[in-house]
């Protein structure tokens, strides 16, 4: 029995995917392909606009640049495979690739979450301590925040990975999902997973909830501090903050739903996770550019600069 317990004879997993229906899958194959192209284009435009203009000197856009980079990388660890599987007859992934995807996706999502925290901190300083803003949010501190985001993301994903690598998979290898995530994998473990489930909820679920509450609290403080501003100042601050709040809600609410409920329960995890793997990274560039005058002006300048250098 003990031998059976720790035996890991699963060399590959098979995704059950989002839908069992071939026609629907083909339709979504094209839909997700378009979404992925939109993610690439939107985030690439943001990266180009910020790095080629004076905006890169401002902390807010410096963070936005990193956020776009994370969105690009994160969707690229999940969506191309999802698109490939929608067109494939057999949606299989090797054990090693599965573990790599689990690690990479959690690393990048972790970094992204902490970049969102840095952006909230940046807005807080800008609105609550405007006179000290340039001193507090100097480039050194911005780099430190980015460095910390990578550090925290790395610890979070390494902890998850080591936990999953220790689990025995001996039976069914069908993952009821379209990506290797920790919860659908837990359902396949041939051992009592109550303790591990609690650890996963502590590692992912609680972290997401706490950070979400911190972000909500910081934006409430920001809005509270806006009362003393002039109408014009208030409008400008509100438009930036509302963009940030939209992005935070889009990303966190589905995450909380996914990681706070225990692994056994019948939940709509895979449908919900489409929000933070495809939809949020696609909408982020739109939210940040369409609602932002500075971005629009910078984009026009960069485009005209490029157009002039063409001729």
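Just so you know, glycine gets a Cβ as well, placed from its N, Cα and C.
Features of the protein shown, as given by TrEMBL:
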DOMAIN    42-288  domain 'G-protein coupled receptors family 1 profile'
TRANSMEM  26-48  transmembrane segment
TRANSMEM  60-83  transmembrane segment
TRANSMEM  103-121  transmembrane segment
TRANSMEM  142-165  transmembrane segment
TRANSMEM  193-226  transmembrane segment
TRANSMEM  238-260  transmembrane segment
TRANSMEM  272-290  transmembrane segment
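Counting same-chain residues at least six beyond the ends of the transmembrane segment (142-165), those with a Cβ under 8 angstroms from any Cβ of the stretch are 59, 62-63, 66, 99, 102-104, 106-115, 117-118, 121, 182, 185, 196, 199-200, 203-204, 207. Under 8 Å from some Cβ of the transmembrane segment (103-121) lie the Cβ atoms of residues 60, 63-64, 66-67, 70-71, 73-74, 77-78, 142, 145-146, 148-150, 152-154, 156-158, 160-161, 179-182, 204, 208, 211, 214-215, 218-219, 244, 247-248, 251, 255, 276, all in the same chain and six or more residues away from its ends. Mean model confidence of the domain 'G-protein coupled receptors family 1 profile' (42-288) amounts to 87 (pLDDT, 0 to 100 scale).
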